[in-house]
């Protein structure tokens, strides 16, 4: 007999709580007037599907606000600095790269967000319909690892900034722990409180960055960025520039597209008939008008290290935190206050990271679903604290590698989900049976997704360019230049996977018929 009803979990038998909009935050409706969790509207639901009658959240604007707060942070600012700092692009080339690749990278995030209201499923659970039951366990494991990595890097940038406030007297470890604890508390409480925090937390941070742009503008420059070797031919210089743009573009795409593996998680309580166009536009606009401006500002502020010895010195000591401190030093105590705002803004990014980590962990295997979501929040926090403390001394290398490698993984993940929806479900949610979300006997067997993913990895290896490895195609593009390689791992991984998945899926459907 098919088992459509999974073993009850700890999170599925606790009392329920509803917010002021009637959003059912638990998986049952047990009365619990004296429950302290209910007073806080703590979400105890895990990965269980949210039924249509429980999807009553009318505040669709939240689907934009959560991304505005999550992107107006120091790590995204730091991502913009990589253009001139690491890839040696001038300011205008950095600007063009940031705009173009982010415009592309936000698209999959906005599309994936549309799946939440229609299905009532979290992103990793929804991926079972394309990746299969066991394939989704693989994607969930990778997503947990990626979430921990991003949370660690986010905490490092926040901690660097916080240390500057206290003139380096506050230990890096203590700074990281402060940010992590605040993140854990909000992530622990869940869906409603995440949306409430993200709805307003961006406002003072946005004002602070406007002040930073005004104060630092006189130091920005497009000159003095790169002095090419005059012995290199103009053709080689052209290839060098293309290599750097492609490599920086991969990091920009990796940053913006990184939310595609969790963007449906924050829309599952919207009504089933919510306009897909509205969800797409709100998500896209929320990312567009936060991610791109903050990265552009990061690239511009870094150029101040070429015109100010103080900015350069502080950047060498405390990286992005030192750069922010130097650029705001003329404001005295108010500048310190802004630095605190910037440091704590990291919390707004780590909250969705850790919340989605806890959901992804429950998808890995049935036994993991028996552990309450909030315990994964605690475990994930401990892990990324340790990782952040270890990786703090090599921030730029760590940030560049994670952003690029993330883009590789997102390319494979999203092309399989989207091709299945487009080619095999004909872009209609009526072609899904959302009642079988937890039934491995009725979901795809995962073979097509896994095989095409392996082929995609081959493409990634051929085109990737990292400090620790350069693929043959990456080397060929950058030959006769002083660049280590042109990072086209994302593009090749995307193409290889996109070409093979439909073929493997057709074969899978022919022989297995599910």
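The backbone N, Cα and C atoms fix where each Cβ goes, glycine too.
Note that TrEMBL annotation is computational and uncurated.
According to TrEMBL, the features are:
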- 64-87: transmembrane segment (TRANSMEM)
- 99-119: transmembrane segment (TRANSMEM)
- 131-153: transmembrane segment (TRANSMEM)
- 173-194: transmembrane segment (TRANSMEM)
- 279-302: transmembrane segment (TRANSMEM)
- 375-395: transmembrane segment (TRANSMEM)
- 407-424: transmembrane segment (TRANSMEM)
- 445-469: transmembrane segment (TRANSMEM)
- 489-512: transmembrane segment (TRANSMEM)
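Residues 60-61, 63-73, 76-81, 83-85, 91, 94-95, 98-99, 102-103, 106-107, 109-111, 113-114, 116-117, 202, 209, 212-213, 216-217, 219-220, 252, 255-256, 259, 263, 267, 270, 315, 320, 323-324, 327 of the same chain sit 6 or more residues outside the transmembrane segment (279-302) yet have a Cβ under 8 Å from a Cβ within it. With a cut-off of 8 Å between Cβ atoms, the residues of this chain six or more beyond the transmembrane segment (64-87) that come close are 93-94, 97-98, 109, 150, 153-154, 157-158, 160-161, 194-195, 197-199, 201-202, 205-206, 209, 225, 244-245, 247-248, 251-252, 255, 259, 266, 282-283, 285-287, 289-291, 294-303, 319-321, 323-324, 342-343, 345-346, 348-349, 351-352, 395-396, 399-400, 403.
Outside the transmembrane segment (99-119) by six or more residues, the chain places 49, 55, 63, 67, 126, 249-250, 252-257, 259-261, 263-268, 270-272, 274, 276, 279-281, 283-284, 287-288, 291-292, 295-296, 407, 410, 414, 417-418, 429, 432, 434 with a CB less than 8 A from a CB of the stretch.
Touching of the transmembrane segment (489-512) and the transmembrane segment (407-424) is concluded from the presence of at least three CB pairs under 8 A, sequence neighbours closer than 6 excluded.
Beyond its flanks by at least six residues, the transmembrane segment (445-469) meets 130-136, 138, 243, 247, 397, 400-401, 404-405, 408, 411-412, 415-416, 475, 478, 484-497, 500-501, 504-505, 507-508, 512, 514 of its own chain at Cβ-Cβ distances under 8 Å.
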